[in-house]
Amino acid sequence: QLTGVLDDCLCDIESIDDFNTFKIFPKIQKLQERDYFRYYKVNLKRPCPFWADDGHCSIKDCHVEPCPESKIPVGIKAGSSNKYSKAANNSKELEDCEQANKLGAVNSTLSNQSKEAFIDWARYDDSQDHFCELDDERSPDAQYVDLLLNPERYTGYKGPSAWRVWNSIYEENCFKPRSVYRPLNPLAPSRGGDDGESFYTWLEGLCLEKRVFYKLISGLHASINLHLCANYLLEETWGKPRWGPNVKEFTRRFDPVETKGEGPRRLKNLYFLYLIELRALSKVAPYFERSVVDLYTGNGHEDAESKALLLDIFRDTKSFHMHFDEKSMFAGDKKGAKSLKEEFRLHFKNISRIMDCVGCDKCRLWGKLQTQGLGTALKILFSEKEIQSLPENSPSKGFQLTRQEIVALVNAFGRLSTSIKELQNFKVLLQKNR
């Protein structure tokens with residue numbers, strides 16, 4: 001039932017489906033498999049800054065145990081490797097580690113060759129003129145994770161703990177007064193036949209920027225839910241898990257009848273988010289088109305191929321004629337626009353900090369990556385002048401992306417592209433089930 005033009009931009013869903021399926025999806029998948037984009041550095045041990053009692057979820061499959069020396073997470077932190085030597089001598093801990101790695105644990109094992117590449121990458125990154133310092137990267141707790149070995153999927157993390165994270169995001173960071181309740185919010189008092197209409201009346205009354213902010217967060221939430229429905233633990237046979245699409249779960253989360261019309265609205269917000277990140281990719285192309293920017297891994301041949309594929313994707317994004325026009329945002333009087341933009345930025349920064357409260361390590365990994373990807377997209381959209389005036393042959397002080405931001409940007413957009421592809425798949429499965 002998802003068709004037609006999206007609100008707040010002149011673009012229809014069918015055009016996005018075709019463009020994504022035939023142009024973007026196959027290429028972005030290939031790009032995500034390349035060495036430069038598959039390793040992401042993340043600190044999964046940062047404490048939640050907002051509440052203390054929760055800790056990590058008790059599901060073993062969400063948890064990551066420190067592994068013996070042979071499996072130490074790479075990082076440029078060879079100096080701290082000895083802290084795991086006791087674990088290597090203790091067979092019980094070794095067993096637990098193997099056990100935890102099975103279903104949903106984050107697999108951070110890398111080859112020696114990859115380790116050397118990372119040290120080269122770090123030197124290369126350090127020589128760049130960073131636009132902003134990421135607080136995480138130099139922490140001894142930050143580790144490289146191979147994203148291909150740790151696909152985003154349903155791990156069993158749900159209930160009050162997961163709900164609390166999303167509730168905190170919506171209630172405290174979407175410019176929403178406490179008196180306005182989101183549809184299907186289990187914490188809302190019973191309101192008879194309202195069905196969320198008062199919420200949408202409130203949303204329509206907001207300025208474009210604040211409405212966009214809510215849609216971005218709702219779209220990200222819908223996308224993550226779609227990944228979990230599409231990669232669900234269906235059964236275990238002979239101790240081996242089988243993952244696949246769960247139509248029942250998809251219907252529960254998105255069907256118009258079961259969600260009182262809320263599901264399709266959420267999916268439309270997914271398309272809206274896709275357009276925003278697509279727009280950012282087309283805007284940042286000049287940054288990467290310069291010869292000074294090299295997707296450096298130490299393997300010259302692979303680096304050249306990765307860059308060629310990335311530039312090919314940029315050409316595709318530019319060929320799409322129905323982009324979201326961000327010029328209409330923050331376009332009021334200069335003083336008001338500036339303070340609104342800063343408010344927007346701080347709200348988003350807060351959401352990225354809330355991701356440290358996600359109890360399941362695998363969910364935390366992908367939550368942090370997708371939030372950082374969206375944050376990078378917003379940074380690009382609001383740096384258009386700086387990008388246009390970049391020098392051809394030297395790093396720029398005006399606009400700079402770290403490798404972390406580049407990896408997050410590409411993988412976050414890859415997740416949205418996958419969501420839209422999975423949505424097509426669910427449409428087919430639902431037709432068959434009728």
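Placed from the backbone N, Cα and C atoms, the Cβ positions cover glycine too.
TrEMBL: automatically predicted annotations, no manual curation.
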Legend entry - Member of Cys229, Cys363 annotated by TrEMBL as disulfide partner of Cys360: Cys363
Inset, instruction - Can you figure out which of Arg153, Trp166, His221, Arg253 (the binding-site residues) comes closest in space to Cys360 (active site, nucleophile), comparing Cα atoms? - result: Arg153
Legend entry - Rounded Cα separation (Å) that holds between Arg253 (FAD binding site) and Cys363 (active site): 18
Legend entry - Using Cα positions only, nearest of the binding-site residues to Cys363 (active site) (Arg153, Ser218, His221): Arg153
Legend entry - Surrounding CB atoms that lie within 10 Å of the CB of Thr155 (FAD binding site), all protein chains: 22
